[in-house]
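K.L.:
Here's a structure for you.
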Amino acid sequence: MTGVVGGVGTVALGARVEWPGIIPAYRDRMPRVQPGWEVVTLREGGTPLLSAPHLSELVGCEVHLKIEGANPTGSFKDRGMTVAMTEALAVGAKAVICASTGNTSASAAAYATRAGMTCAVLVPQGKIALGKLAQATVHGARILQLEGNFDTCLELARRAAEQYPIALVNSVNPARIEGQKTAAFEICDQLGRAPDVHALPVGNAGNITAYWRGYTEYAGDGVVAGTPRMLGVQAAGAAPLVHGAPVADPETLATAIRIGSPASWDGAIAARDESAGEITAVDDDAILEAYRLLAAREGVFVEPASAASVAGLLAKARAGRLDAGQLIVCTVTGHGLKDPATALADAAEPVVLAPRVDAVADALGLR
């Protein structure tokens, strides 16, 4: 016997069931997906919620990591893309387009390939992590580099979608938010309750908007008893929500959140205010510290932007602004292989040894 309750499978001994993807798992909570539509999926979602013992000890709380790098293209973007691409296919779009600093382009290109559609990706010239560009390229997307920043690319993508039969699949597309809210459902299903605090990186702000929608839907329907306080974390050099004004030239090594004018600005502010939470900023040094800590102490390799959630949590704890014993979830949004250059910049030179067992033992400090 098998069953799915709110998207989490319960499997009897000896049985095997495969995660179906977020649309089949949560179809009753997907009003945008009409009966009879062909679902475009790579079986996204169903990602691990991993306890973080070292981080928990550091902050005096029970901390879990939502590992969104385990999605098919290596980031949380796949949740929204399955819904956006399913809708685009159903309404007869001839192509899809997105503006991207990396993760969206990788996801859009993969799902467009799955749907048999053309994908165009607008990227800021010279401001995209090579691992992400490689993904979009290998899936056959048409990569169009523009002078300017992410916001320049998004504005052009919007205009193209308005004038031609092209579906815009950035997070300004409401279908993306519908898909991304399922991560909040999964966390509640995995914990058996909502966390007390949820920390996550904020760039274009679609994710914090989506998580808050998911939590409020579950709470409103009585699936969980309450909602978490949302802790959105921006990079200090790209923190328009913290400053209350767009940033013309955002700068941070965390390329996935290097955005000066978030498309989901209002949704992020609503999530902050309605949850009695906050949106804060951390500098690149703090992001790198959290990035290294996750890899070295928790065994979790993330791209730098993902570590912003943990950096924000650590800053809050050091300021004495965390109540001990709380249940906290940090979303880490993308896999570290998205941006290998950051890891390689820190890497020590390999040790050269004679081909002897005793030399290996000496190098390991065992003799």
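A Cβ is built for glycine as well, from the same backbone N, Cα and C atoms used for every other residue.
Note: TrEMBL annotation is automatic and uncurated.
Got these off TrEMBL a minute ago, pasting:
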type    : residues                                               : note
DOMAIN  : 40-334                                                 : domain 'Tryptophan synthase beta chain-like PALP'
MOD_RES : LYS77                                                  : N6-(pyridoxal phosphate)lysine
BINDING : ASN103, GLY203, ASN204, ALA205, GLY206, ASN207, THR333 : pyridoxal 5'-phosphate binding site
K.L.:
List the residues in the vicinity of the pyridoxal 5'-phosphate site, defined as same-chain residues other than ASN103, GLY203, ASN204, ALA205, GLY206, ASN207, THR333 with C-beta within 8 angstroms of the site's C-beta centre.
P.N.:
PHE76, LYS77, SER171, PRO201, VAL202, ILE208, ALA256, ILE257, ILE259, SER264
K.L.:
Looking only at C-alpha atoms, tell me how far GLY203 (pyridoxal 5'-phosphate binding site) is from the residue listed as 'N6-(pyridoxal phosphate)lysine', rounded to the nearest Å.
P.N.:
13
K.L.:
Mind computing the max CA-CA distance among ASN103, GLY203, ASN204, ALA205, GLY206, ASN207, THR333, which the record assigns to pyridoxal 5'-phosphate binding, rounded to whole Å?
P.N.:
14
K.L.:
Checking the binding-site residues ASN204, ALA205, THR333, which are within 10 Å of LYS77 (N6-(pyridoxal phosphate)lysine) at the Cα level?
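P.N.:
Matched binding-site residues: THR333, sequence order.
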K.L.:
Would you mind ranking the binding-site residues ASN103, ASN204 by how many other Cβ atoms sit within 10 Å of each Cβ and giving me the lowest?
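P.N.:
With the binding-site residues ASN103, ASN204, fewest surrounding Cβ atoms within 10 Å: ASN204.
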K.L.:
Restricting to the domain 'Tryptophan synthase beta chain-like PALP' (40-334), report the mean pLDDT as a whole number.
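P.N.:
Here the predicted model's pLDDT, averaged over the domain 'Tryptophan synthase beta chain-like PALP' (40-334), is 95.
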K.L.:
Hey, of the binding-site residues listed (GLY203, GLY206), which one tops the CB count within 10 A?
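P.N.:
Highest number of other Cβ atoms within 10 Å: GLY203.
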K.L.:
Would you mind checking how many other C-beta atoms are within 10 angstroms of the C-beta on LYS77 (N6-(pyridoxal phosphate)lysine)?
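P.N.:
Cβ-Cβ neighbours of LYS77 (N6-(pyridoxal phosphate)lysine) within 10 Å number 35.
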K.L.:
Including all protein chains shown, what's the count of other C-beta atoms within 10 A of the C-beta of ALA205 (pyridoxal 5'-phosphate binding site)?
P.N.:
26
